[in-house]
Amino acid sequence: MAPPSRVSLDDRPRRGTAVEHPRDRLIVALDLPSVDAAEAVIDRLGEGVTFYKIGYQLAFAGGLALAQKLIFSGRRVFVDLKLHDIGNTVEKGVESIARMGATFLTVHAYPQTMKAAVQGRGDSNLRILAVTVLTSYDDADLAAAGYDFTVPELVAERAAQAHDIGIDGLVCSAEEAAMLRPKIGHGMALVTPGIRPSGAEVGDQKRVKTPRDAILAGADYLVVGRPIVAAPNPRASADAIVAEIEAAVNEQV
Ligand SMILES: O=C(O)c1cc(=O)[nH]c(=O)n1[C@@H]1O[C@H](COP(=O)(O)O)[C@@H](O)[C@H]1O
């Protein structure tokens, strides 16, 4: 079979980016040890946050039931399991997650895995995000993992493959957002972790941008964990980030 074309799919109906209210573009990563701890943060965030991400730490501590509860309460949920396995396992796993009513699910950006995930999500409302290169990686980390690519090269290659396969969005650093947008068009969502308000601790992230710079670079959604959930006042931190998103959106027009 001929390899998939890299250029002819832009008019395919995708489940891409709608223009959203600035508040709905913030995804708070509930990287917390228990459902009780997560619910305490969710209570403090109140109406300030509409979109939550549940990853390894919480998913394996009762977080998938919490995801269901959040969905029933009208919040959107990003299930961040970064799947990567043989095709059949990925496809069946994605089918199960699609039945939960989640909005986003991550898989690693390997062609076999991405194809299986697209197959598994079928016609459901779940949108598959491909993780290009983790934001904790720089060129030296890629070399240590055996890759002969710089970060922007590998992100661009994986983005092109994800696009051809019909993936709904990409997880990347906002450092790559401006470079990716012309390559992938407006049908795919760019979801960017590694967001740090100026002065915030960077921690283990290596490719970071402020909320303003991420929006100006073309990010659709910003994923923020510790700067909100570990803050003394999570609601104030979330509100400040939403205000920064809103100001950047106004700068764009
Ligand atoms: O898929 C992700 O969400 C993800 C991809 C990536 O490349 N980098 C990254 O940090 N993340 C997630 O985004 C969140 C970032 O959290 P903070 O660094 O605390 O803001 C964590 O839950 C990570 O698992």
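Heads up, residue numbers simply count up from 1 along the chain you see.
Note: Cβ is positioned from N, Cα and C throughout, glycine not excepted.
TrEMBL labels come from automatic prediction, so no person has curated them.
For Lys82, the entry in TrEMBL reads active site, proton donor. What TrEMBL lists as substrate binding site is Asp31, Lys53, 80-89, Thr135, Arg196, Gln205, 225-226. Taken from TrEMBL, the feature domain 'Orotidine 5'-phosphate decarboxylase' applies to 25-241.
Cα of Gly225 (substrate binding site) to Cα of the residue listed as 'active site, proton donor': a distance of 17 Å. Once Cβ contacts within 10 Å are tallied over all protein chains shown, the binding-site residues His84, Gly87, Thr135, Gly225 are led by Thr135. With respect to ligand 1, the binding-site residues Asp31, Leu81, Thr135 contribute Asp31, Thr135 as residues with a C-beta closer than 6 angstroms to one of its atoms, given in sequence order. As a whole-number mean, the pLDDT of the domain 'Orotidine 5'-phosphate decarboxylase' (25-241) in this prediction is 98. Annotation note: Thr135 (substrate binding site) sits in a coil segment as assigned by DSSP. It is 15 Å from the Cα atom of Asp31 (substrate binding site) to that of the residue listed as 'active site, proton donor'.
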